[in-house]
């Protein structure tokens, strides 16, 4: 069977999604795929385009896994544009003079930004907000500018305004309509959004018709002149006034094009030529062009199914949207303007908290038609499902948007009421039925469901509903959703933390007597030991705490494969003096230890006998060192590059900040180990974005990333805050650390903790930055108290003779373990293998 020649014109988000869907459902060997990628880089995420200003690396936005196209034999023509299509011969001619033949053609040409016919709009320092190249040009211009304007007060316009504000520009938004986001919000919602945005320093000008832009000004380089006679001087202008389908190729080759633009498609996404499909913003279905990515993804799925002979149809798309604009949560659902005949409204307004909510319901009060949410979108998921699935409303619909008081909860739609066809994840078109099928296959955690179905791996907004579906299905199957720590405590780790803190419990025995049963086990003892340390930070080798410690904490060192231990003193930020180096060398030589520089920028000594540990540490402490907590569930290190102190590219003192942070948080017990990274510029030599906490210097301060991870399951850290000063950075870190300590499950790193946190990074931002839970003052106080209690555990041990008896090999003998054997290698030594070991006589012959 010959391969199907498949050509794809366009390598944007929808074009790439088509390829992914195709390869999910069919073998790449069945196709000969050629992709025209007009831009200088392969598919990237335009939805999160503004984040580019934070990390300045196109790779961060890339949608294509490394080696993906090569692995599947896909030919991608980067920087090459399709210029003509010969439908009779089924051949495409490119800007590079190439000819590509096809059996099936996918047109995913997207859209182009429309600029109103304003005189002067094509002059220097006038931009659009569409590609990475656009953002580079805007940022370059911003460096020599003070004042900028965004023409257009819709979704993308406000996103662009947020980017300009973050660049330090005096920002103005110019909107032709009398309100912002006129398509998604009603009048009151638009006014509330305007007030919130203006309170952040962005100037908003509505009902403004721009007549011309002239290259002159007293305080700036340009002057915008409006129809009402007013003027505004700015240095540069960003246009965000809508999009138009890119259908020129279709017109040239004779395909049907809609009167208002867009390549006409049927329910199978076929054009007027059955061998040519159109998907995404270039397509017109029933005279409608969809400017959001989710409908484009659905079109890609339909086109794939039709090519493979499966039944599927595009039936339109819901254009509801939830997003954060300039830090303001905004949501619009369904008939947000109440245009349905007989529609009635319920309105909630809290001026003190700047929250506005409106429900639009049917005349009989039984069906939700639409909603407007400004300032708080926590109800968005439930309200959207009510609209999409026409679920009957409760007796008092206003209860859906009124705040819950005195512990009373809001009425829930109940996931059982949702049909299996209900779309839970719009990013990947995952239905409730898809989730149930995955649960029946054994996916019994949110993380497992995400891996199996991709639900929640896009914008993350569906995670609360995914969790509800999971818990409901597990309950139906009789699988108890139990987060108890173990059989001895009917509480979760988080609940035990609060019991210990509130009741001032200081020992395992006291906690067991008050809230547990039995004698404890290998699960609860080390967990409670960690909790007690996280709450009170007492010396872990106190007699009442010693039985709770695992093997490493028991001896304040990591046990190795041969029964010896490693010794790793702290070197904050990777900094160490020549005297310190010589001291480590002398000690390693004296005790015959193997030495190595670790991946954490620390000097490690291996092969220490247990009974030598106190003396080794006594000498290290005398040389100015302290424990590095390499054995503990705590901060291990803050890895740094040399930063602006030495590097000609550095823009921030990464070493200085790394040293400060490592010393600030050292010795504080956390649910799992933590690693920090601090980079002095975006070249990222300390690999900060692969750490639990990553900090990168910018021209304006520091970018703070959290919940990254290396190891077996690498995870890129999420940006928590951008361009913040040192004081704000430390404040956010104090809160983040304590919130993690309070809420994470036992032995959970920050990466899976965030992945299982309902609301993900947006929720974490709301807690840490916006104080959503009203906890920040308490979190800062708890961190301050823990820091005051920090001690070097080895200093305490060396100064406590009774604590050193545990380091003897044998209770009744001063002899050492004869099974420890070393062999030489590369001028040092290592543990002997079983084949290299010399037999040991354990019983002496006294004859």
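Note: Cβ is positioned from N, Cα and C throughout, glycine not excepted.
Because the structure is a prediction, the values reported are computed rather than measured.
Other Cβ atoms within 10 Å of the Cβ of residue 69 (FAD binding site), summed over all protein chains shown, number 21. Residues or ranges marked as FAD binding site in Swiss-Prot: 44-79.
Annotation source Swiss-Prot lists NAD(+) binding site at 193-225, citing sequence analysis. Annotation for residue 213 (NAD(+) binding site): same-chain Cβ neighbours under 8 Å, separated by at least 6 residues, are 118, 119, 120, 121, 123, 126, 222, 223, 224, 225, 237.
Cβ-based neighbour count (10 Å, all protein chains) for residue 462 ([2Fe-2S] cluster binding site) stands at 23. Among the features that Swiss-Prot reports, [2Fe-2S] cluster binding site is placed at 425, 427, 459, 462, with the record citing similarity to another entry.
Look at Swiss-Prot and you will find 641, 647, 681, 685 tagged as [4Fe-4S] cluster binding site, backed by similarity to another entry. Reduced to three states, the DSSP call for residue 685 ([4Fe-4S] cluster binding site) is coil.
Annotated siroheme binding site per Swiss-Prot: 685, in sequence order, evidence recorded as similarity to another entry. The Cβ of residue 685 ([4Fe-4S] cluster binding site) has 18 neighbouring Cβ atoms from other residues within 10 Å, across all protein chains displayed.
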Should one count Cβ atoms within 10 Å of each candidate's Cβ, the binding-site residues 64, 218 would be headed by 64
Min neighbour Cβ count (10 Å) across binding-site residues 203, 208 flags 203
Whole-Å Cα distance, residue 44 (FAD binding site) to residue 462 ([2Fe-2S] cluster binding site), is 22
CA pair residue 198 (NAD(+) binding site) / residue 54 (FAD binding site), Å rounded to integer, equals 23
A correct count of other C-beta atoms within 10 Å of the C-beta of residue 79 (FAD binding site) gives 12
Nearest to residue 64 (FAD binding site) by C-alpha distance, among the binding-site residues 193, 218, 427, 681, 685, is 427
The binding-site residues listed are 59, 69, 218; by CA-CA distance, the one closest to residue 641 ([4Fe-4S] cluster binding site) is 59
Expressed in Å to no decimal places, the gap between the Cα atoms of residue 681 ([4Fe-4S] cluster binding site) and residue 74 (FAD binding site) is 35
